[in-house]
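Engineer: My questions will all concern the structure given below.
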Amino acid sequence: TELTLNFVHGSLRVIDYHSVITHDIMKEENLRDDLRYYFMSPCEKYRARRHIPWKMGVQILKIIMVTTQLVLFGLNNQLVVSYKEENTMALKHLFLKGYSGVDEDDYSVAVYTKHDVYESLFYVMDQYSQLGQLSVGPISYAEDENGKLLPLTICKEYYRRGSVEPSDEIYDIDAQLETVCMSHDPNTANLWRAENSSFFNLDFYRLVDIKITFQLKGINLQTVRSRELPDCYSFFVTITFDNQCHSGKVKLFLDIDAESSACRDWKISGTAQKNTHYLLVFDAFVILMCLTSAVLCTRSIILAVRLLQRFSRFFHENFNRKVCEDDQREFLNGWYLLVIVSDLFAIIGSILKMEIQAKNLTNYDVCSIFLGTSTLLVWVGVIRYLGYFQKYNVLILTMKAAFPKVLRFCCCAGMIYLGYTFCGWIVLGPYHEKFEGLSLVAECLFSLLNGDDMFTTFAQLKDKNTLVWLFSRAYLYSFISLFIYMVLSLFIALITDAYETIKSYQKNGFPQTDLQKFLHEPTELPNIEESDQTDVSVRHSVLCYCQWYDCSQQCCLFNI
């Protein structure tokens with residue numbers, strides 16, 4: 001046996017070199033086993049150590065629960081959205097004279113004469129006074145805390161002072177705005193016009209807009225069919241007569257802000273009790289499942305970091321170099337981060353959904369964003385488990401390989417795209433409805449990039465200005481040629497090149513990193529008997545000794 005005798009501070013210590021070497025080899029093998037186990041699929045882990053894949057089971061169950069929660073919320077949200085949209089349509093027919101049922105651009109109705117403006121204004125007030133006799137839905141006037149009907153309010157905004165003589169090209173305008181308001185009680189319908197006749201003497205060259213605001217109450221009875229309690233709604237209605245352009249065209253807008261709340265008193269017979277409590281319990285289980293998933297993924301990330309530290313320390317001690325970045329990224333699993341983010345979104349969305357069910361919140365949009373995003377990320381996370389199969393792993397590997405090149409390519413192409421966007425907006429905006437705003441221009445160019453709506457874009461351009469018409473042709477032809485025939489083709493070529501590379505690697509083998517070489521190295525334990533027989537003569541013939549000095553430390557090595 002190979003021994004070492006160390007004299008340190010006058011003491012003799014014996015070290016067995018063979019046991020040290022065996023210990024290092026076993027330590028290396030344990031690290032290799034832990035690394036192999038970490039990179040196994042859930043099924044391989046179960047076959048190797050009989051560990052039940054709890055994380056995979058939680059993810060599958062979470063997918064079912066989150067999707068079910070989203071569907072239930074979506075069905076309920078559809079009822080709310082349809083109720084609001086149909087009420088908006090009904091109120092437009094009730095209060096806007098001459099409404100055809102289809103909005104014109106971003107406004108509902110337009111009037112062009114003073115008589116039509118007065119008629120439309122008085123029509124709104126008359127209809128409001130007769131709302132109880134006209135409406136076929138469960139809607140009525142709103143009341144304050146004392147049971148008094150809330151009035152209709154009319155406010156007109158106009159320039160403080162002004163005179164305009166278009167024929168002489170003379171104007172004198174004080175740009176400061178003034179606002180004058182009046183209220184109209186439904187119970188005084190016969191007196192409001194006579195008592196406030198001076199209010200309706202409108203100077204149209206000074207008038208900027210007229211806003212009519214009132215509040216109504218309604219009940220959404222259609223939720224009874226889904227065995228839920230109907231919600232009570234408050235409708236804050238604003239009707240605007242917009243004359244800001246002073247172009248001879250007054251636009252009429254009707255906007256509604258609806259807020260839902262729990263009704264103060266209710267009684268339902270002939271149907272099942274509401275199932276709100278069951279939905280709250282189900283949402284609580286979803287939150288619990290997401291918390292469990294987040295804890296398991298966080299635990300896996302912590303274990304991966306510790307394993308990376310062990311591997312880095314081993315590499316530094318044995319090879320005196322650091323682990324490369326590619327190997328480090330293998331330990332930092334992005335899928336776990338994706339699952340944790342989806343869990344956080346699902347928890348926040350579930351809490352908001354519970355508040356909506358309890359009638360403490362009315363904002364369906366924020367809840368929809370969180371639930372929809374969480375469900376999207378949960379289903380994307382399923383790709384992780386498909387990636388363990390070689391036939392399904394091509395998509396993931398191709399996206400991973402092509403993403404850096406595609407990102408750099410999009411940055412370069414985006415500069416050209418933004419240049420075309422700004423140019424099209426400033427030049428073609430006055431002559432084409434698809435180029436009137438920056439967002440519209442970006443959307444139009446993206447449609448052209450995908451080969452959609454090309455002929456309509458060319459045909460709708462007004463040809464009143466020959467120079468602009470010629471410029472539009474050069475602009476559109478150059479954009480389509482550049483982006484479809486060059487940019488889009490290069491974009492597809494980058495992805496195709498990455499796909500072909502991955503297919504070649506799958507056929508001929510992937511380039512091995514230090515980590516993969518370490519995992520595939522066979523373990524070679526030393527043969528004790530052969531080592532003893534080979535070196536026995538040498539070990540008996542070598543002897544060295546050292547001298548001991550008080551002022552220094554010397555070591556003596558004896559091979560016995």
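Placement of Cβ uses the backbone N, Cα and C atoms for every residue, glycine included.
Reproduced below are the annotations present in TrEMBL:
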- 80-264: domain 'Mucolipin extracytosolic' (DOMAIN)
- 367-502: domain 'Polycystin cation channel PKD1/PKD2' (DOMAIN)
- 278-305: transmembrane segment (TRANSMEM)
- 331-351: transmembrane segment (TRANSMEM)
- 363-386: transmembrane segment (TRANSMEM)
- 406-428: transmembrane segment (TRANSMEM)
- 474-495: transmembrane segment (TRANSMEM)
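Are these features on the surface or tucked inside, and what are their neighbours?
Structural biologist: Listed as Cβ neighbours of the transmembrane segment (331-351) (distance under 8 Å, sequence separation of 6 or more from its ends, same chain) are residues 59, 62, 66, 69, 283-284, 286-287, 290-291, 293-294, 297-298, 300-301, 304-305, 307-308, 311, 367, 369-371, 373-375, 377-378, 380-381, 384.
Panel annotation: around the transmembrane segment (363-386), residues 41-42, 56, 59, 62-63, 66-67, 69-70, 73, 77, 80-81, 335, 338-339, 341-343, 345-346, 348-350, 352-353, 356, 392-393, 395-396 of the same chain, lying at least six beyond its termini, place a Cβ under 8 Å from a Cβ of the stretch.
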Engineer: Please indicate, using numbers and ranges, the residues of the same chain that are 6 or more beyond the transmembrane segment (474-495) and have a C-beta under 8 Å from a C-beta there.
Structural biologist: 398, 402, 405-406, 409-410, 413, 416-417, 420, 423-424, 427-428, 445, 448-449, 451, 454, 457-458
Engineer: Average the per-residue pLDDT over the domain 'Mucolipin extracytosolic' (80-264) and send me the rounded value.
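Structural biologist: In the predicted model, the domain 'Mucolipin extracytosolic' (80-264) has a mean pLDDT of 84.
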Engineer: Would you list the DSSP helix, strand and coil counts for the residues of the domain 'Polycystin cation channel PKD1/PKD2' (367-502)?
Structural biologist: 112 helix, 0 strand, 24 coil
